[in-house]
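Report on the following structure.
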Amino acid sequence: METPLKAPEGSLGSYNEPSSCTSEQDAAAQGLVSPGDEILYQLYQPLEACDNKCYCKKCCYHCQMCFLNKGLGIWYERKGRRRRTPKKTKAHSSSASDKSISTRTGNSQPEKKQKKTLETALETIGGPGR
């Protein structure tokens, strides 16, 4: 013979007690709503999105979700990634390729020619003063 399983004495309680998932209207209809039960009902309410955009003190403490989001600044929603700016058009890079190498690199060769001409000019003048 098998014995039926008994629930432990410290389990969820008797079946006569209203559960936390019953609605407030059901609890009010039963007449079992006390201030403590109402607070517990509000505490165990599921976190639902709140459409209120106000950040005043009253609205920050409106519900647990508002407190987390507005009061503490914790957002569990997925943030959208920023999109990268599109690369510049091909016309810009093609204009750089039209220029010669010396103009893109800062005219390094013409500077060398200028230095050589200055050196030759100084030699023809007569060198140092003495």
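In case you wondered, yes, glycine gets a Cβ from its N, Cα and C as well.
Per Swiss-Prot, the phosphothreonine annotation among the candidates Thr89, Thr105 falls on Thr89.
Look at the region 'Core' (67-77): DSSP puts its residues at 5 helix, 0 strand, 6 coil. Thr85 (phosphothreonine) carries neither a helix nor a strand DSSP state and counts as coil.
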